[in-house]
Structure formats: C-alpha cells, structure tokens
Amino acid sequence: MAAQSLLSESLLGWSIFTFILLVILAFCWVYIRKFQSRQESEVVSTITAICALAIALITSALLPVDIFLVSFMKYPNGTYKEWAANNETRGQIEDTVLYGYYTLYSIILFCVFLWIPFVYFYYEEKDDDNMNKCSQVNNALKYTVGFAIVCVVLLLIGAFVPLEAPPGQNSTQWEKVQYLFEELGSSHGLPALSFSISSLTLIGMLAVITYTAYGMSVLPLNLIKGTRSVVYERLENTEDIDDVEHQIEKLKSKCTDGRPLSSRDRQNLQELEGKLQVLRRRGRHLEIAERNCCTKVGSALRPVKILLGIFFILVALLFTVALFISNLDKALHSAGISSGFIIFGTNLTNPLNELLLALQPVFPLDYILITVITMYFVVTSMAGIRNMGIWFFWIRLYKIRPKRTRPQALLFLCMILLLIVLHTSYMIYSLAPQYVMYGSQKYLVQSQMPTAGLTSGNATSGTTRICDADAPEDQCTVTRSYLFLHKFWFFSTIYYFGNWAFIGAFLIGLVVSCCRGKKSVIEGEVEADDSDLSDDEYVH
C-alpha cells in the first residue's frame with residue numbers, strides 16, 4: 001500500500017513536470033521564431049537558441065517538483081506518510097531530484113561555455129566571404145577553448161575550496177591533499193557544480209537588475225498607455241516627407257547655374273536624402289499597419305490591454321514589496337555579512353510566501369503560480385531587452401526586433417535569458433524563503449502536561465509547528481534547490497545586495513517609463529541603418 005502511494009504521488013509530480021516541459025518547448029519555438037530574421041535564418045543557431053532557452057526554463061520548472069516531493073512526504077499533522085517513514089526511501093526520492101539538478105545544470109554549463117560560444121563565433125566568422133568551412137570551424141574552436149578554460153577553472157575552485165576546517169598544521173601535505181579529494185568524493189561534486197552555477201547566477205543578477213527591473217515597469221505602462229494613432233502617424237509622416245523634400249529642392253537649387261555645392265551643403269544634402277529614405281520606408285510600414293488586421297484587433301482589445309497592464313503593474317509592485325520585506329527581514333534577523341544574510345524561515349509577514357504556502361497543499365496550484373512567476377520574469381526581461389537592446393557597457397551590440405534579429409543576436413538573447421532564469425531561482429527564494437526551503441512541511445513537538453484527578457502524573461501531547469531551523473534534523477527535509485543556492489555564503493551576500501539594487505532599478509525604471517509618451521504603432525520596425533531589402537519581410 002505504501003509503495004503504491006509513493007508511486008502514485010511521485011507519478012503525479014513528474015506527470016505535471018512532463019506537461020510543463022512540452023509547454024516550455026512549444027513556447028520557446030514560437031518565441032525564437034517570432035524574433036528570428038527571415039533573411040539571415042540559420043538552422044543551427046535557431047535550434048541552439050530554442051534548446052538553450054528551453055533548458056533554462058525546464059530547470060526552473062524542476063523547483064516546484066522538488067518542493068512538492070518534500071512537502072508530500074508528510075501529513076498535515078506533521079507525521080510522515082507510510083511510504084516516507086524510512087530515511088532511505090526519503091533519501092532516494094531527494095537523490096532523484098538532485099540528479100535532475102546535476103543533469104540540467106551540467107547541460108547549462110555545456111551551453112554557456114561550449115555550445116553557444118562555438119555557434120556564435122562560427123557565424124561571426126561566416127560574415128567573412130573569404131573564409132571556408134574548415135577555417136570557420138577552426139577559428140570558432142580557438143575562441144571556444146577560452147570559455148572552456150574558464151569553466152574548468154570555476155569547477156576546480158568549487159571542488160577544492162574547503163567548506164569545513166582542513167586538517168591541522170601538523171598534517172603532512174599528502175594528508176591535506178587526501179582531505180580535499182575525500183571532501184570532493186563525499187559531496188558527489190556538489191560544491192564544484194554549485195560554485196560554477198553560482199558564478200553564472202552573478203552575471204544573471206546583473207542582467208536582472210539591468211533588463212528585468214526595467215521591463216517590469218515598461219511592459220505594463222506600455223500596455224496601459226497604448227500606441228499612437230496610425231492615421232495621425234501617417235499624416236505626420238507625410239508632412240515630414242514634404243518638409244524634407246522641400247529642403248532638398250532648396251539645396252539643389254543652389255547649383256542650377258553649374259556651381260558645385262559646398263562641402264557643408266553636400267553633407268546636409270546627403271543627410272536629408274537618408275532621412276527622406278527612412279521616412280518613405282516608415283510610410284510604407286504605416287500603410288501596411290493601417291491595413292493589418294492585427295492593428296484593428298489590437299484597437300478593439302484596448303480595454304483588455306489596459307486591464308492586463310494594471311494587473312502586471314500590481315504584480316510588479318507585489319514582487320517589489322515581497323522582496324523588500326524579505327531583505328528587511330534578513331537585515332534585522334540574520335547574522336550579517338559573514339553568514340550570507342541567511343535566515344531560516346520568516347520573521348516578518350511576506351504576502352507572496354503566505355500565498356504559496358496556502359496554495360501548496362492543493363497541488364498543482366503552487367506549481368502553476370511558480371511557472372507563471374518564472375514566465376513573468378522571462379516576458380518582462382524580454383520587454384526590457386527589446387526596449388534597451390543588448391549592450392556591453394556603453395556600446396550597443398545588437399537590437400532585438402521581431403523578424404529582424406540576427407543569429408548572433410538571438411544567441412546573445414538566449415544567453416542573457418538563460419542567465420536571468422538561473423537567477424530567478426534565488427529571486428523566488430527571496431520572495432518566498434519559507435516555501436522554497438521547506439514547502440508546507442510541519443513537525444510534531446511533544447510536550448508533557450500535568451494531569452489532575454485521582455491519578456496524578458504527566459500526559460504527553462503533541463502540537464504541530466511549521467518547519468524551521470529549530471526543527472529536529474530528521475523531522476524536516478530541506479529542498480535540494482536550497483542546497484545549491486546556499487552552498488557558499490559569499491554568493492548569498494552578493495545576492496542580498498543585488499536585491500536592493502533590483503528594487504532601486506525598478507523604481508528608477510518606473511519613473512522613466514511614466515515620463516515617456518506613447519510609442520509608435522511600428523516601434524522598432526524602421527531604423528536608419530536598415531536596408532531596403534529588409535522591408536521584404538513585411539511586405540511579402
């Protein structure tokens with residue numbers, strides 16, 4: 001009976017995970033195809049981008065399964081279920097999740113340090129017409145070796161940095177080396193992988209602060225404000241064309257008598273002709289947009305967009321408040337920087353944490369909510385990337401636009417989104433620490449109560465408590481995700497200060513988005529550095 005219960009509950013959790021996996025694959029395919037350039041479409045880069053994004057999202061989808069399994073080991077009264085009463089059985093279940101994390105995180109390392117860099121540099125070399133296939137592969141491999149060396153260094157640092165006190169000074173060098181290898185073997189390589197993933201998560205934290213924080217403000221406000229009227233934009237564009245044509249004719253009239261134009265006039269004429277070309281292309285796009293059914297449907301759905309924008313901004317404010325409360329709780333009740341600001345449980349009421357704890361017993365409601373939170377981070381991150389573009393400090397590398405994104409930009413996009421989704425695991429922990437650490441587990445506390453009457457003595461009574469750091473070790477099971485997130489205290493410290501930076505970036509982005517006007521109905525479709533041939537993707 002216990003075995004059947006174990007099988008059915010495990011099957012339920014993994015069935016939901018499989019369904020989410022299929023949904024993720026479909027989403028990634030549609031997402032990448034939407035932004036992919038039709039003229040520069042490459043099969044290998046498309047497959048790489050879809051797989052990389054899917055792996056990141058699947059890794060996040062494993063978190064609710066981890067929490068579900070540790071929570072469903074117990075009854076609401078704090079006692080273990082029959083199939084989970086054995087420590088060995090509980091260990092096998094958690095090891096299954098641990099191996100899932102091992103596999104997915106190893107694939108992420110492979111994508112970030114080998115697969116994506118190789119494909120990126122391969123297509124960078126392809127731009128050189130004098131290169132043959134062998135030269136492209138050789139040059140791409142040379143650059144990829146550098147990434148592989150960085151990966152090996154991170155794994156070695158994580159593997160051999162001792163987390164416990166090493167042998168004393170009287171020990172021989174061989175005993176110290178033997179101690180390091182014993183530590184590596186006893187932990188099954190967890191510190192090495194955790195250190196590498198945490199290093200990538202730091203980069204993801206910077207991307208979250210830059211793109212996600214801004215996207216969480218710009219996306220809802222764009223939905224609320226809407227776009228400018230296409231009819232008014234066409235009229236305004238026509239007036240601009242007439243004005244530029246008049247200026248061009250005025251400049252050309254200076255040389256009707258055969259005199260050449262001055263260098264300044266020639267430069268002005270060249271700039272005006274370029275501006276006229278952009279305005280005419282813009283006019284063609286506006287004409288297409290006016291006839292487009294999607295534009296008309298979008299106008300009809302204007303009330304729905306406003307409601308969706310209000311919902312998104314409320315969700316963003318909820319996340320910000322929950323993150324602020326969580327950080328404040330850590331500042332007040334943790335041991336400080338030396339402990340990584342880690343707290344076990346919650347001392348201040350966190351609305352999102354309470355909501356997840358309330359939904360967790362009714363599986364899969366919490367699974368759906370966590371998936372929605374993850375997808376919300378991805379969508380808002382993409383909104384931030386699309387509005388800002390991909391930058392390296394002050395240098396703009398690529399623009400992300402529907403149907404016009406180059407293969408290299410797509411790979412950069414997926415690399416950033418992959419790192420962002422990696423950091424969302426810690427973001428979700430910050431938003432709901434109790435839920436991520438223990439789920440809805442409770443434990444029994446036995447207490448002695450004196451009895452009154454003919455027979456005097458003590459009676460044993462049990463009360464249930466929510467699992468926290470004070471619970472006996474054999475009564476509460478910590479999720480494997482938590483172990484990955486907090487293996488090294490100094491990463492937790494950096495994440496803590498990163499959360500404050502995220503809150504500040506969101507508030508700044510909110511002010512900037514409020515001050516900006518409505519965007520164009522063809523926002524991002526026409527740029528001065530586009531070629532006329534690129535219009536074929538919209539006209540045909």
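Note: Cβ is positioned from N, Cα and C throughout, glycine not excepted.
TrEMBL has this to say about the protein:
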COILED    234-289  coiled coil
TRANSMEM  12-32  transmembrane segment
TRANSMEM  44-73  transmembrane segment
TRANSMEM  102-123  transmembrane segment
TRANSMEM  143-163  transmembrane segment
TRANSMEM  192-214  transmembrane segment
TRANSMEM  306-325  transmembrane segment
TRANSMEM  367-397  transmembrane segment
TRANSMEM  409-429  transmembrane segment
TRANSMEM  488-512  transmembrane segment
Does the transmembrane segment (488-512) reach the transmembrane segment (306-325), going by 3 or more CB pairs under 8 Å (6 or more apart in sequence)? yes
Where, among 12-32, 44-73, 192-214, 367-397, do we find the most CB pairs under 8 A to the transmembrane segment (102-123)? 44-73
Given the transmembrane segment (192-214), its same-chain partners at Cβ distance under 8 Å and 6+ residues beyond its ends are 102, 105-106, 108-109, 112, 151, 154-159, 161, 184, 377, 380-381, 384-385, 387-388, 416, 418-427, 483-485, 487-488, 491, 494-495, 498, 501-502, 505-506, 509, 512-513
I need to check the long-range neighbours of the transmembrane segment (306-325): which residues 6 or more away from its ends have a CB within less than 8 Å of a CB in the stretch? 216-217, 219-224, 226, 348-353, 376, 380, 427, 430-432, 499, 502-503, 506-507
For the coiled coil (234-289), what's the model's average pLDDT? 81
